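**Student:** Next up is a structure, given as structure tokens.
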């Protein structure tokens with residue numbers, strides 16, 4: 001299958017070539033670069049998309065494969081090799097299609113958002129997009145944790161690059177730094193976990209019989225032994241899983257490392273759509289899905305994932321309720337939706353989590369691109385209270401945005417309904433099946449559904465309905481074609497993509513129409529350990545997550561009622577010609593929400609109020625006590641030896657005298673101790 | 001047979017004469033001779049003890065000591081020659097720069 005490997009290798013390499021073209025031609029011959037690098041980028045992502053779809057079809061025809069592309073460090077003296085490879089299975093095939101598809105649409109949209117607006121630094125912008133796309137595709141196709149880590153860091157670097165596109169202004173520059181540092185904090189845990197995995201198993205491969213999830217399973221069954229450093233294997237695997245989870249929490253903006261994502265909205269809106277909604281933020285949860293054979297072995301890690309997810313879903317949704325800027329609402333909803341994905345994966349719902357990852361990538365990219373079109377029409381004013389009545393000015397964007405909003409709010413039959421409901425249904429069954437903590441996470445997720453409906457439609461009504469509330473909104477121009485087309489494509493997708501897995505209707509339509517579930521179930525010749533069916537067995541047998549029987553329809557109706565309540569409340573308050581800020585009634589609570597529970601202030605206080613005094617105290621201790629001891633020893637010996645060296649006169653007779661004196665003293669001691677006197 | 005104590009006393013006296021020479025004499029050759037005296041005081045004890053206890057090892061050690069003494073004199077006389085070339089004298093208090 002050499003040709004498959006070559007073609008799949010080209011999926012990340014083609015955007016990388018576009019990155020090089022934009023970088024080098026943009027530097028040496030900027031005028032020769034068509035559209036500032038947009039056209040090479042569009043061509044490259046289109047090629048990647050075609051290859052990805054072909055790879056997707058190959059997998060569908062039974063062509064799932066693992067191959068090794070490059071050996072970084074060869075194995076020596078019973079040590080292990082560090083390699084780069086490709087893992088083409090249903091999950092990665094799905095992911096590369098999503099990534100290259102969204103990337104292509106974002107490139108096209110950028111023609112309208114960046115080029116037509118006369119932005120400078122276009123070569124830099126498109127080079128960043130190209131490198132990001134290449135890294136993200138290589139991450140999705142990674143065959144081992146080390147390679148995944150390398151590209152995990154690269155997408156983080158590209159995120160810094162693109163958030164700071166307008167680096168001459170203080171806001172984007174500081175937001176870029178914050179995004180880089182906060183995600184890096186999580187990545188330290190991932191790096192420690194990676195070293196732990198390599199030290200424990202001697203391999204970091206994701207799939208196959210010699211992969212570390214398979215070895216971990218065998219070790220738990222007592223069929224293989226691995227070096228767990230004297231710790232009980234189950235405990236040790238939980239520790240490793242939680243360490244890796246640190247990187248996931250940083251990258252997927254989960255509590256408590258989510259503060260960077262709202263700030264990242266300082267970047268250009270297409271970047272927000274591509275990186276901070278659809279793909280890079282998905283890298284975290286994708287890693288959990290990729291390692292599902294490992295996480296399914298440790299119920300503790302799964303419960304932590306579910307709790308973090310459920311809590312983040314609710315926590316972020318409350319903050320989205322009161323935001324004024326359209327992109328801020330979307331940023332918090334992104335955090336909240338990734339919380340749902342974590343909830344789904346943590347409660348053992350691998351298919352549900354991946355499903356929500358897929359639908360969320362579609363409708364959130366749509367919402368961001370729609371918001372980008374609105375922001376251009378509003379001349380970069382993002383305050384929703386200055387918008388209003390835009391639906392007559394930009395009907396295409398309005399209808400597409402409405403489709404995405406219905407999907408986000410989880411209204412039947414749009415995409416988000418099916419996937420969010422699959423997540424919630426799964427969490428409910430597992431929660432009722434004897435996992436009270438998962439049930440608690442489910443309840444948080446359920447309450448967040450109502451909040452989601454409310455803030456989504458508050459945003460829609462404030463932006464598009466009612467009377468225009470500013471001169472800019474009154475004179476807003478319609479979006480140009482290169483912005484309308486991507487938005488329209490995604491608008492259609494957001495309406496229909498949920499139909500690939502109509503989970504609540506399982507009893508009505510039968511398993512036949514659950515395309516995604518069948519897709520992820522395999523069968524995979526040679527990769528039996530990477531199917532959803534196998535993961536499900538692990539979750540039940542090893543982690544002990546038994547699902548209670550709850551009709552999917554009941555769960556769906558409950559969450560739909562919650563969503564509709566939120567939407568109805570938004571309707572009555574904000575779908576009027578002259579809406580007012582009803583959330584003011586929350587009083588001081590609103591201030592707390594608007595300031596994100598003062599988390600930024602808390603983190604700054606952690607740095608200046610705790611870490612800095614502690615560092616100063618340690619510095620004082622170091623300078624006085626530690627250095628004092630060292631300096632004292634050295635000055636004592638200096639003074640003492642300065643005195644002592646004076647016995648060396650250089651005259652041989654003196655030395656002889658000293659020798660004889662010493663001999664006499666020794667003799668006296670011997671004689672005294674011998675009792676001669 | 002002469003008792004062992006006599007040899008020991010004789011050896012101690014020889015050693016003390018050597019020590020006195022080392023401490024009091026400034027002529028380098030006399031100094032070396034004094035060192036030889038001390039070494040041979042030790043030899044006397046070795047041989048006497050060997051005869052007294054009827055073992056051969058003391059005599060073997062005395063041979064070692066003689067070889068050692070020969071080597072030491074070769075080095076010592078070399079140093080004396082160098083000192084003479086430098087100071088036109090063999091007074092051992094002349095070289096004083098062998099220190100810190």
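Just so it is clear, glycine is given a Cβ too, placed from its N, Cα and C backbone atoms.
Reproduced below are the annotations present in TrEMBL:
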| type | residues | note |
| --- | --- | --- |
| TRANSMEM | A:37-57 | transmembrane segment |
| DOMAIN | A:78-126 | domain 'NADH-Ubiquinone oxidoreductase (complex I) chain 5 N-terminal' |
| TRANSMEM | A:91-113 | transmembrane segment |
| DOMAIN | A:142-432 | domain 'NADH:quinone oxidoreductase/Mrp antiporter transmembrane' |
| TRANSMEM | A:188-207 | transmembrane segment |
| TRANSMEM | A:234-250 | transmembrane segment |
| TRANSMEM | A:271-289 | transmembrane segment |
| TRANSMEM | A:301-322 | transmembrane segment |
| TRANSMEM | A:329-351 | transmembrane segment |
| TRANSMEM | A:357-377 | transmembrane segment |
| TRANSMEM | A:397-419 | transmembrane segment |
| TRANSMEM | A:439-464 | transmembrane segment |
| TRANSMEM | A:485-502 | transmembrane segment |
| TRANSMEM | A:652-676 | transmembrane segment |
**Student:** What is the number of residues in the domain 'NADH-Ubiquinone oxidoreductase (complex I) chain 5 N-terminal' (A:78-126) that are helix, strand and coil, as DSSP sees it?
**Tutor:** 31 helix, 7 strand, 11 coil
**Student:** Determine which recorded stretch among A:91-113, A:271-289, A:357-377 has the most C-beta pairs below 8 angstroms with the transmembrane segment (A:329-351).
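**Tutor:** The stretch I would name here is A:271-289.
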**Student:** Among A:301-322, A:357-377, A:439-464, which stretch has the most Cβ pairs under 8 Å to the transmembrane segment (A:485-502)?
**Tutor:** A:357-377
**Student:** Quick one: average pLDDT across the domain 'NADH-Ubiquinone oxidoreductase (complex I) chain 5 N-terminal' (A:78-126), no decimals.
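**Tutor:** Within the domain 'NADH-Ubiquinone oxidoreductase (complex I) chain 5 N-terminal' (A:78-126), the model's average pLDDT equals 86.
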